[in-house]
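The active site, nucleophile feature in TrEMBL is assigned to 85. TrEMBL lists 174, 176 with the feature active site. As annotated by TrEMBL, domain 'GMPS ATP-PPase' applies to 201-393. The feature ATP binding site is assigned by TrEMBL to 228, 229, 230, 231, 232, 233, 234.
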Ligand SMILES: Nc1ncnc2c1ncn2[C@@H]1O[C@H](COP(=O)(O)OP(=O)(O)OP(=O)(O)O)[C@@H](O)[C@H]1O
Ligand SMILES: O=c1[nH]c(=O)c2[nH+]cn([C@@H]3O[C@H](COP(=O)(O)O)[C@@H](O)[C@H]3O)c2[nH]1
Ligand SMILES: NC(=O)CC[C@H](N)C(=O)O
Ligand SMILES: [Mg+2]
């Protein structure tokens, strides 16, 4: 634990859809925080040493049997507590107030009239009502002793309450969502004002602290890192490189299903510019041989995943000296998912990653990004001098172009898709849409259609454009890309990519579709 982790906020999760957003907002106020399930044992909560506790919302009703609760000892720790929606209701229930079903469910926007500038509202003006976002059916009938109303809406006589003496507050609305315009400022006022945290959680400080920590813990030991050229593993490799230099070996596998120019770009940047000890493994033939005749999407993923582990394993074995550590780009959302109060979600596609490696290789894991959200990881990348082309990279799946070629993956079909994909990348970057959308790519459809080119009949492939907006890839919608850009994409692909005479646009949302086609 370094200094920047010392002043922290604990977010206890009661199963809300927006718990992660609470943590995001606290981090944006430059304060470190972690999400833990509401079932965290009281002695652990105490030992954790947070400067403040935030109780999230949740789907349950606190007066029902079996509703999730929290040990009331948290109110005796002497640190400020803020309950949001269910969090406010459960604290009311535990402190002797009364919660009951309201006459009307309140869902969506509301106008908040703040009556007292205390707690999260310490910086708020009293004249203008604030737009806030509500999502509840229960309401506070009676506040616990010592509490007073801090704000009201037309529908909620107790839209916010507080006991400023004990610094315990509750808000019925959701300050963490964007629809509550002043919400981020309210959460910042709570963590900086009430909890007294200093705004020291910056990615500059994070990078420095992580590098210093690695120098101390890993100095003189051998570490390996699987580098994909994506932002996560690139940031991991650079952090480690700055800490232990040549004791880090990064391994980049050309699996034959990478994008155009990727091998040269990754090798050029990390080896020549950053001076990393980088092994580039040309395993394209091996991967493509094994993919021969395979058309089933899950089978493709399985083969690529297994082959990847095999290749990686073999390369790691060649490194002189005993390797003790494997570095991975695990991000905080992955960590939260595995400890969340909600159960794990159903598997729709088996995502390839190197998760199978450590057990097999008996290596200890180094996961420097375990505490970071994606945009924080990008910020660290910028701090470390990673160029914007890598920092702002759209996600690219491990199985690469193989899951964007419907049907068999062959070299000629790969060449076709690569060319079309390069045009999509180029045009999207040129139009500045590249960083606005979540992903934009081409898919090769296993269908031939008739066309006419220079008076001649053609009978060629179809390319589909997949361009989506999303915040976390869990849901997505097709991007409303301006017609001129679509026109340019279509015309360039048909004219420049041999063997393609038709371009179509995928206008499906997720769900029920998925972002990738396989
Ligand atoms: N071609 C590759 N060579 C070496 N390692 C790879 C390769 N592809 C994937 N990996 C490793 O597997 C991990 C998971 O890959 P994937 O691309 O599916 O995830 P990711 O979340 O996009 O991560 P990243 O942003 O680092 O690419 C990567 O972080 C990297 O460590
Ligand atoms: O690391 C990855 N390994 C994979 O095997 C994989 N498959 C899909 N994706 C990416 O995940 C997000 C959601 O994709 P889907 O809607 O297709 O499931 C999208 O961003 C996809 O690009 C992958 N990422
Ligand atoms: N969003 C929430 O936290 C909802 C809390 C509670 N289930 C209600 O309906 O009021
Ligand atoms: Mg990647």
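Cβ coordinates are placed from backbone N, Cα and C, and glycine is handled just like the others.
Where TrEMBL records a feature, it is marked here on the structure.
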| residue | record | Cβ within 10 Å |
| --- | --- | --- |
| 85 | active site, nucleophile | 25 |
| 174 | active site | 24 |
| 176 | active site | 27 |
| 228 | ATP binding site | 22 |
| 229 | ATP binding site | 20 |
| 230 | ATP binding site | 17 |
| 231 | ATP binding site | 24 |
| 232 | ATP binding site | 21 |
| 233 | ATP binding site | 20 |
| 234 | ATP binding site | 28 |
Tell me the Cα distance separating residue 176 (active site) from residue 233 (ATP binding site), rounded to the nearest angstrom.
29
What does the structure give for the C-alpha distance between residue 85 (active site, nucleophile) and residue 232 (ATP binding site)? Integer Å is fine.
34
Residues near the ATP site, 228, 229, 230, 231, 232, 233, 234 excluded, by Cβ within 8 Å of the Cβ center?
227, 235, 236, 329, 390, 393
Fill in the CA-CA distance, residue 176 (active site) to residue 231 (ATP binding site), as an integer in Å.
26
Output: those binding-site residues from 228, 230, 233 whose CB lies less than 6 Å from an atom of ligand 4, in sequence order; none if no residue fits.
228, 230
Could you tell me which of the recorded positions 174, 228, 232 have their C-beta within a distance under 6 angstroms of some atom of ligand 3?
none
Based on DSSP, name the secondary structure state of residue 176 (active site): helix, strand or coil.
coil
Helix, strand or coil at residue 228 (ATP binding site), per DSSP?
coil
Residue 174 (active site) to residue 229 (ATP binding site) - Cα separation in whole Å:
37
Taking every residue in the domain 'GMPS ATP-PPase' (201-393), what is their average pLDDT?
89
So if I take the recorded positions (85, 174, 229, 230, 231, 233) and measure from each Cβ to the nearest atom of ligand 1, which come out below 6 Å?
230, 231, 233
